[in-house]
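J.: Take a look at this one; I'll ask things after.
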């Protein structure tokens, strides 16, 4: 074994500690203790005798023992304890301690046999890390980045994250002169770990995570982050993916000997897709350089210097790009040419047309070389002429030979495409339309709104391709498939995501090769488009899931795999579909149906819903007026009955008088000779008429009874119609209701983000989240609840150490409880933190002059102080406490909604914040009363009790009235005073009714003149000209057609200003609390992606504006400058690359941070973004923590740059 350097002895001790860490990760705690003991002994020996070198033989023996322990632990345990007893080590341990260590080593051996992978992680190299001068190569890093890109192409984003994390770490380590040889050894096993993971993802995911925990990597991630990554690896792996064709051994890259021309025997006859993309990118770059060279004019030395400087910079970027792409030899040649350009600049007078031709010739040779780079002799093209003496620095022959050998070695390596095999067999899970249990309802609603439109666009584009079509149709179909894939992945609908992913790859291949699909492929695309539309209809509840979805997905998979192997068929090639079975054959297995969406759904606008509300309200009003008219008609009919009865009585009386007169005349036998016969007939006719009048009165009475019966029937019909109209309005109101559970994920995300920023631990419980409330009310409650939640973590929950010291569990508990109380929604936020610090509040109030030193105040008064504007008990503002709105604005928002906010706190035990917010009213029960000469409807909101004046006693003390009722004293307010209506009556009427009204924390007695009716009224708005008048909910139309205001007594009691009748009082403008928040511009053509980012950033405390594409974004940037821009790559009209170039080309936005958020994961797209000036490149699906951290870093860097510029200007 090679003897280590004495100066490196300290590193040897550190290496033993790393071995200890690896052993602990494998559960070998005895081996961990043994290595730690040895590390301490080495440090002591170094301090006692730095010149000693007698440890080297012992160190070699220990390495042998550790390696032997991984293979035969039981037999080696006693040998290790014997080794540690060596007097040379002078380890200060007693015999009992050595015996215990031996037992621990045996326990390690008995626990479980180490697997080969685990053993390799612990096995040490035969040489110490201080001696082994090993390096991480760029090829290794580039290879792992390719694995990440291909994992993303398969939708394995967990595997992508693992590879990107490893590549990023290795890139940082590649700059170190000396790298841990144990890490180099372990890195060679990365291939085997990936193969094992592909075979058994659930079992081997932990092995990948344990590899990332290697001490040599020093990845700065916590246990929770590693656990989340492992969970992602476990759940997303495809069961049908085999490992044999997945990964190219990483040693294949390492084992290519530099300068070995024989390595060209593996040169590829064709070029893979990834290699072709790299070549296209390099060709584009060298073409731009050549075009610029051709525009250079010899003569003006000043402009010539600038031109050569530009060429040198471009060549340097080209060299770096070639190196990143794996063209190391080309990169070296480009660097050599760059040096010559710099020499040209140094002697500009000698730069002639001949020297310009040298550069033009070389760039032309590069353009010839790149298309045939995998030919072993192609490298000679870029070396011809470089040894010419016309170059200021000709290329030495020996260096040229070495570069040529390197190019030959790279010709096979660069062309290799370590493809992660595409899935080959469709499964039932791949076509599932079942929604995940934690689906975001808002994003689902957006997807369901977009889905029919996008599937129709895709179908139309594919149909045009089937009929002939053009490349524009290919691009449109590919872009729609890309959008559908992203939206489906965001929501979690796997069936659509998998199918559109494969379709996008096929269409992307058509776009790259500039070929249109042949007839057979176009037929398959038509089938897939139909399947997508059927899936869309199924999700909308219009039809069942497509029964042939699995067959169609298999058909598309076969096409995708065929294109991967042999490329696209020619346009005129009538190749039959690669599907083995006919389209008509259907699978017997039934697909899962989206049970959550079985009901038929339609989309209506909010304006239509508002119109339905208006119509239902008008119907209720008209029905009330009809009912009122019916009541008046009944009263009139009752009056008619009375008159008919009176008429009948008069008729009977008249008839009786006539009969009596006739009887009297006959009884006396007197015959008046003065009457002739005709006059006697008149007497008889009068008698007859009286009889007929009596009969008519009886008939009229019978008819009135019949009319009364009909009116009763109409009244019953009106009552039934009234109930139906009310039920209709309730159903219409249901369309505006949403479950509180829709915001639960946002609350959970907010608490996770706050805990990460504060370093605290807390859990959130949401109770009553099934309650349905008005969507507008819920949206208005989100911001106050977010601040209350962040405040609970930042101010309330203690650190884990503090909680343990106070006998609490380390994880704090926060609960949101929702409940309905009548027409109010009740929200409680409870935490088990430290509660309000009244001493800190008092100190802050005294320092602000709000309290006098030593002033006697109650806890309730101290609580009210935190509701004052800009009040805080914090002396130092943190990132969390300084973001968002204050408790004063929270209270103002709740009061503006007509609600109340109460605090309950016990120091050391936690705090409860209680919000009580009324739900919007379209109907309410009201009491009708007169205030002065005006009729007013008093809403029942806040009324706890109605009592009569005789039940209490109003006591006047000075100018203040109070009510004594059942031993309780209530403050008194008169409704006529609250409405500020002048009482012109000479003798004031005594009050007849008292309303006990709950207002925030107290009950007030409101005196009324009288209550003459109570009824259910429909509330109408006051119109845009009046707007919101404090104390008035709106107005209602009574049955007689009169308009009556509806008043809100609790709001009248809170009204801080006097409202004079007839005077207009302008509403008090409250400053927008979000104006001081950092701003973000989100640019994405997908509505669901924009909404998802807007919601994430708003919850994180940002003010967000959005644009649909680059053109719209440029319009916004013309009058609005955000703190950071988030943009997609692929968008219509202007894409993300073009938008970034626009931003960089304008002085006022040139330094604006730009983050590109895209699903494109190739190095080609990343390089294009970097060249355009993108500051950060993040791939979808977005990890929230990564995005927010990147934004914070960029904004902090931007702030530092601005401050530095200001200081420079001042100096």
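Any Cβ shown, glycine's included, is placed from N, Cα and C.
OK, TrEMBL features for this one:
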DOMAIN    436-539  domain 'HPt'
DOMAIN    707-921  domain 'Histidine kinase'
DOMAIN    923-1058  domain 'CheW-like'
DOMAIN    1079-1195  domain 'Response regulatory'
MOD_RES   482  phosphohistidine
MOD_RES   1128  4-aspartylphosphate
REGION    568-596  region 'Disordered'
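If you look at the structure here, what lies around each of the features I listed?
T.: For the domain 'Response regulatory' (1079-1195), the model's pLDDT averages out at 88.
Within the same chain, residues at least six positions away from residue 482 (phosphohistidine) with a Cβ under 8 Å of its Cβ are 500, 504, 1130, 1159. Under the DSSP three-state reduction, residue 482 (phosphohistidine) is assigned to helix.
Look at residue 1128 (4-aspartylphosphate): DSSP puts it in coil. Of all the Cβ atoms in the protein chains shown, 27 others lie within 10 Å of the Cβ of residue 1128 (4-aspartylphosphate).
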J.: What are the DSSP helix/strand/coil residue counts across the domain 'HPt' (436-539)?
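T.: Once the DSSP states are binned, the domain 'HPt' (436-539) shows 88 helix, 0 strand, 16 coil.
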